[in-house]
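TrEMBL annotations:
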BINDING   A:R221, A:A222, A:E223, A:R229, A:H230, A:L231, A:E362, A:G410, A:L411, A:E412, A:R413  ATP binding site
COMPBIAS  A:54-64  compositional bias 'Gly residues'
DOMAIN    A:155-431  domain 'Aminoacyl-transfer RNA synthetases class-II family profile'
REGION    A:200-203  region 'Aspartate'
There are 2 protein chains.
Amino acid sequence: MIHRVLASELAAHVGETVQVSGWLHRRRELKHVTFLILRDRSGLTQAVVPGTTGTTGGPGGPGGPTQDIPEETVLSFTGVVTANPQAPGGVELVAPSSGPEIEVLSSLAATPPLDVYRPTVTASLPTILDHAPVALRHPQLNAPFQITAASVAGFRGALDALGFTEIHTPKIVGSATESGANVFTLDWFGRPAYLAQSPQFFKQMMVGVFERVYETGPVFRAEPSDTARHLAQYTSLDAELGFITDHRDVMAVVREALARMVEAVGERAAAAVEVLGVRLPKVPEKIPEIHFSEAMAMLGLDEPDLSPADERTLSEWALREYHSEFLFVTGYPMVKRPFYTHGEPGRPRYSNSFDLLFRGLELITGGQRLHRYEDYVAALAARGESTEAYEGYLSAFQHGMPPHGGFALGLERWTMRLTEADNVRRSALFPRDLHRLAP
Amino acid sequence: MIHRVLASELAAHVGETVQVSGWLHRRRELKHVTFLILRDRSGLTQAVVPGTTGTTGGPGGPGGPTQDIPEETVLSFTGVVTANPQAPGGVELVAPSSGPEIEVLSSLAATPPLDVYRPTVTASLPTILDHAPVALRHPQLNAPFQITAASVAGFRGALDALGFTEIHTPKIVGSATESGANVFTLDWFGRPAYLAQSPQFFKQMMVGVFERVYETGPVFRAEPSDTARHLAQYTSLDAELGFITDHRDVMAVVREALARMVEAVGERAAAAVEVLGVRLPKVPEKIPEIHFSEAMAMLGLDEPDLSPADERTLSEWALREYHSEFLFVTGYPMVKRPFYTHGEPGRPRYSNSFDLLFRGLELITGGQRLHRYEDYVAALAARGESTEAYEGYLSAFQHGMPPHGGFALGLERWTMRLTEADNVRRSALFPRDLHRLAP
């Protein structure tokens, strides 16, 4: 029996008869020869079939013609691996003299909604999303997801090495406490419940158990606005660690995670990087930072807020000044941060928190949290909230919690900026937003 | 400045003055000496403080007494690492002659709901779950989650090595097609939507893109029954692969995943394995299998169904016959399987599917799926369903899909059986079920 060989492995089998299985990516018929370009998970293979027309035998059978086999048909092709410097990868598959041995594994029931074989994609984003199961077969359209998979592996690798424990927390919560707005309501055995907007409370509580935890999972935001960078479900890479001095210890972990993510993309998704022409950023040993108050002064702003345009300006400044595509903006005003945020010692208006800008876009939010029970009681009272709704969460702080902090990174946004895409939906397999619930 | 050293690292610092930070696990006062057992993420350390009472200084300050510091207080202790064969790990921390240097990082605002320091846990499961943020600090109660984290890492490592791509799929779907029952309904911007019961459809569609995919994420079942092995949210380890011959190719991947999971638990969660006295199973090179029809005959059954008791009997048989704690039951009747199941060639009553039993419990379900569009149309018609509700899903099959199959493993159940726990809720940090939405 002849076993399947991947396209990428062919060069090691010159002279052997092997079977390649995949999709018929493209059929090119010349006068006396047909080239079948086959696509499998490792890449493309060129198969050569002499005598395109007029050969005998049924479609797909031994010796049969190939002209009735449309692109995207799934087939196995058995041939001899032959060196050919002109072929992609330096080798091609040549049909034996008895005729091509083709086994059709699955034929088409409809014409594909877009031509997967074309070098570039001209279809509009809505068309791509409507037809994702087929459109994502295009190497340019699935490359972002290879990059995503490598990035997550890098994230986990970095945190595993730093002694973090991976956790899995509830996505369904009994109260919409963390942020009342933009929350999805569901029917929980006849009672209302809510989809978790983040694992924030859970990861903090688990610092009391494991000290250092991370989670890579879905979060849900009922975003009523339709922008190029918001999704209603996205993948959040969350980390939280105890026994920190302040937010700078968290920023050091962010730096390690980013460095390993970029490294993993280079190692594990090299083909996707090449397909998209991705420029991998250099993660500086120490990512530059600017305090919010300094950023405001530099930008000549009064309002304590940074617009997307301001974030781009700051990113350009960091690139100029520090040759860094990453920039920490620290010390965001307390009024802009959630109640669990730790203030800046000596400057209570500001916080021990940060955002990380990457190529002009806010990618990560993080900081030091309160860790003393009495500070939580005071923080909630200052916002006019009672402690009752936070009972389980606060019980962790009643029983001894170390100084801690953490961060969250939006995975689809990361891939979006890394691939310099125009829309975050290009880095979600099946995006969910205000309008889209299918496929 | 003296840096923090973990309990597990102390042996490498004998003679040095170091700082250990963690929770006061236990205070033991003898007449002329107090032992403080400190707990950090790496384990326990014994700190020795001469002269328990009557010393001067405030609580927590240098030279202060320790008797006012209750268990679970978070503190840093600075002392000299001293070899002592009697101490856990062969070393202990001795307070300098000037008195103990203790910095309290966080004191208690309430008495803990259970004694974390006691060797065994006597609290009932409901008490443990109600007080999870504190209860999980107990080494016996958090050990399952160290095992879970290691298991998932092993699963991903196995599949990464086999050329799988990790994916992230929607948890919110527009129709409750896969299984109409036990589905949670939510309000999606004014329209009804549903929580995904599995990534089944998505992972199959992505076989058309990446050939081999996996996902480790939450799934949701509105289980109206309250059993020791059902959760309303659990973590599903899902895999799907193309270009298979039949379900046996899937079973081979299951075997690799299980072997690597057990290996990873041994390597990465050795302390947890010891705390719980976990017996790590041997994963045979080839896991034994029995066809459903043979299992029925052996058990003397008529009804085409296996009860939990039958599964236990079969597991015992496999242990006796093959010395294996794992058993594949193959060929489940088609009527018991979803519409996308591939039939058994020549015996259309049975399917190319399997369950994996582990120590008497169904742990994994998997099999070969249909891959031809016309087979889906026929399968849905036979069940009296129209193809309209499955439009996006079926479009993948209209455009060329290879023979494929996959499996799903319930992570919490895996840990439950591995640790031989009495309830799956002991392997969910914050379980969600018919009654429980908090903490």
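In case you wondered, yes, glycine gets a Cβ from its N, Cα and C as well.
Where the annotation comes from TrEMBL, it is an automatic prediction and has not been curated.
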In sequence order, which same-chain residues at least six apart have a C-beta under 8 angstroms from A:E362 (ATP binding site)?
A:E311, A:D355, A:L356
Going by DSSP, is A:E362 (ATP binding site) sitting in a helix, a strand, or coil?
strand
Let me know the DSSP-derived helix, strand or coil state of A:R221 (ATP binding site), please.
coil
Could you tell me the mean pLDDT the prediction assigns to the region 'Aspartate' (A:200-203)?
98
Expected list for binding-site residues A:R221, A:E223, A:H230, A:E362, A:R413 against chain B, Cβ threshold under 8 Å, sequence order, is none
Near A:R413 (ATP binding site), which residues of its own chain have a C-beta under 8 A away, given they sit six or more steps off in sequence?
A:R229, A:Y234, A:L361, A:L363, A:V424, A:S427
What does DSSP give as the helix, strand and coil breakdown of the region 'Aspartate' (A:200-203)?
4 helix, 0 strand, 0 coil
Applying a 10 Å Cβ distance cut-off over all chains shown, what neighbour count does A:H230 (ATP binding site) have?
19
Among A:R221, A:A222, A:E223, A:R229, A:H230, A:L231, A:E362, A:G410, A:L411, A:E412, A:R413, recorded ATP binders, what is the largest CA to CA distance in Å?
19
Surrounding CB atoms that lie within 10 Å of the CB of A:E223 (ATP binding site), all protein chains
17
As a test of the contact definition, list every same-chain residue at least 6 positions from A:L411 (ATP binding site) whose Cβ is closer than 8 Å to its Cβ.
A:T148, A:S151, A:V152, A:T216, A:Y234, A:T235, A:S236, A:L237, A:S427
